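Asker: First the structure, which I've put down as structure tokens, then a few questions once you've had a look.
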Amino acid sequence: MTLIVSIGGNKHGKTDPYIKKDGVELDLILLIRTILAATKEIAFRVSQGELSGVLGSTLDENIQGEVQKKLDVLANQLLKDMLSDDDSVRSIASEEEEFVVPVHSTAPYIVAFDPLDGSSNIDINGQIGTIFTIYRARDDVAANSPEQFAQLGTEQVCAGYVLYGPSTYLMMTTGGPTRGYTLDLTHGGYLLTVPEVTLSQDSMEFSANMANYRYWQEGVQHYFDQVLYSSEDYKDVTMRYNGAMVGDINRILIKGGVFHYPSDARAGNENGKIRLLYEANPLAMLIEKAGGKATAHGKRIMALPPTSLHQRVPVVMGSNNLVDEFDKAIFSNSNV
Ligand code: P6P
């Protein structure tokens with residue numbers, strides 16, 4: 001059964017008409033609220049900027065080999081602490097944690113998150129966001145096993161992000177349509193503001209870090225040569241690139257378009273940079289539930305069997321037509 005979660009009513013103050021509560025799913029509603037409670041605290045710290053004393057970098061690197069920002073560490077700790085107090089959480093995985101964090105050994109759910117996607121934007125007051133995903137826990141492996149998270153993206157029971165922008169914006173699906181919620185600072189609740197997000201097919205906008213062009217495979221370079229220089233179909237093309245995937249995907253969900261992070265020749269980027277568990281899969285679910293497409297190597301991202309906790313995948317996601325055109329151009333055997 002598809003659960004549509006009420007977080008605090010809609011923008012007219014009425015109760016979210018999509019509430020469906022029953023015993024089993026009520027755990028999920030309460031778990032989502034735990035995650036959102038942490039995001040409200042993160043949103044406050046982010047909005048305080050320099051005043052919060054958490055800008056700038058630490059002296060440490062995370063498992064990804066990236067210098068940790070103070071706000072990365074704070075956001076990660078906030079989410080870990082609040083989820084560790086939630087009886088429905090069996091295991092936690094995070095971009096900032098090398099290993100799975102076991103919590104309650106018989107709890108029904110596991111949670112993975114990127115606590116602060118787009119950290120390079122923190123010190124420039126740019127968009128950043130928290131990406132989260134929830135799966136049912138596996139009883140055939142231990143709570144501290146990475147195998148807990150070796151589940152197809154199609155098994156996600158909830159996927160979402162909170163974008164810390166001019167407004168604090170929650171985009172989430174629990175298996176039904178992707179829905180948008182805006183944090184109402186007057187009473188601290190996320191109010192339903194877009195009951196059903198529908199991805200436009202009319203956009204000619206792409207999002208990619210073109211500075212990586214020289215490292216892309218020849219086929220990908222050729223595709224972008226067509227887009228930028230020769231194809232009549234793309235004469236009205238525009239480009240936007242945020243440096244934080246969560247911000248790019250939010251724009252694409254609202255306006256349409258396509259996001260690319262291809263694999264490239266740099267060491268460690270053989271499979272691109274985007275992590276399957278806590279970036280590609282949750283964002284792919286939001287895109288698909290809004291009517292879009294999300295592929296890696298020409299195949300559906302959410303159907304990719306995971307191989308490791310921090311596994312990377314090359315990603316193309318957004319409006320069906322733009323994803324299909326790329327996949328057709330690059331992968332003769334694609335599933336398009
Ligand atoms: P580049 C942020 O670190 C991130 O994982 C995504 O949110 C973002 O799209 C990408 O990396 C940016 O990477 O190589 O363009 O700086």
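Backbone N, Cα and C atoms are what each Cβ position is placed from, and that goes for glycine too.
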Asker: Quick check on the annotation: TrEMBL has Asp117, Gly118, Ser119, Ser120, Asn209, Tyr241 binding substrate, so which of Lys235, Lys255, Lys273 does it put in that site too?
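Answerer: Candidate in the recorded substrate site: Lys273.
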Asker: Write down the one residue from Glu95, Glu96, Glu147 that TrEMBL lists together with Asp114, Leu116 as binding Mg(2+) 1.
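Answerer: Answer per TrEMBL: Glu95.
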Asker: Which residue of Glu279, Glu288, Glu325 does TrEMBL report at the same Mg(2+) 2 site as Asp114, Asp117?
Answerer: Glu279
Asker: List those of the binding-site residues Glu95, Asp114, Leu116, Tyr241 whose Cβ lies under 6 Å from any atom of ligand 1, in sequence order, or write none if there are none.
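Answerer: List returned for ligand 1: none.
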Asker: Grab the pLDDT values for the domain 'Fructose-1-6-bisphosphatase class I N-terminal' (27-193) and give me their mean, rounded.
Answerer: 92
Asker: Within the domain 'Fructose-1-6-bisphosphatase class 1 C-terminal' (201-329), how many residues are helix, strand or coil going by DSSP?
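Answerer: Residue counts in helix, strand and coil order: 60 helix, 25 strand, 44 coil.
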Asker: Output, ordered by sequence, the same-chain residues six or more apart from Ser120 (substrate binding site) with a CB under 8 Å from its CB, or 'none'.
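Answerer: Counting only residues 6 or more apart in sequence, the Cβ neighbours of Ser120 (substrate binding site) under 8 Å are Gly126, Gly243, Ala244.
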